[in-house]
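Copied from TrEMBL, the annotated features are:
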BINDING   Gly28, Pro29, Glu30, Ser31, Ala32, Gly33, Lys34, Thr35  GTP binding site
BINDING   Thr35, Thr53  Mg(2+) binding site
Amino acid sequence: MSFLLHQKLDVIWRWLGLLKDVRIVMLGPESAGKTSILNRLLRGTFDEKIPPTHGMNVETVAHKDLRLCIWDFGRKIVAPSDWHHYLRNTQTLIFVVDSTDPSMFEQACSELLMVLEDALLNVVPLLVLSTKCDVEGASSLMEVSNALKLSTIEARDHSILSTSALTGEGLNEALEWIEKRLET
């Protein structure tokens, strides 16, 4: 479906009250690509001139019968220790990690494990987006998964996907994954 047609249908669906509101929190290390992914989902394009997010950025993205309210947190202003205040009523947690920057994997792992310890997220599904998969030399999904210790996560629905804000690769799969989790 074309992007413009999708926007027009969103207006009609909202008017008829047919969209289900979903609260999503998107976290991850600085410069992992959170805002670029959100922009790609929102506008259907990639903008290399997007400045880093300071504080937080909240946008609404329509996908089928869902209205996804995505909270994108910038690291410069909102420290991981402060994320707890924004997690209430979260239905899906997206954690973004830059697959081209292995030097950030340890920090990303620490941040992810800290967030997962929060009682507000006990049953919230986790989707890890390994970004910039289109860049030559990017780490594989297995390498990112191992670095983030995803195999140690038990009793929580979780997955990891390769994505690219530049090409859009993996983003529709991410939306489908979220939609499927909300059906149960």
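Glycine too: its Cβ is placed from the backbone N, Cα and C atoms.
All annotation found in TrEMBL is predicted automatically rather than curated by experts.
Following the DSSP three-state reduction, the secondary structure of Thr35 (GTP binding site) is helix. Cβ neighbour density within 10 Å is lowest for Ser31 among the binding-site residues Ser31, Ala32, Lys34. Rounded to a whole value, the Cα-Cα separation of Pro29 (GTP binding site) and Thr53 (Mg(2+) binding site) is 12 Å. Counting only same-chain residues six or more apart in sequence, the Cβ atoms lying under 8 angstroms from the Cβ of Gly28 (GTP binding site) belong to Lys34, Phe95, Val96, Val97, Ala108, Glu111.
Counting every protein chain shown, 22 other Cβ atoms lie within 10 Å of the Cβ of Pro29 (GTP binding site).
Within its own chain, Thr35 (GTP binding site) has Ile50, Pro52, Thr53, Asn57, Asp72, Gly74 as residues 6 or more apart in sequence whose C-beta sits under 8 angstroms from its own.
By the criterion of other Cβ atoms within 10 Å of the residue's own Cβ, the least surrounded of the binding-site residues Glu30, Gly33, Thr53 is Glu30.
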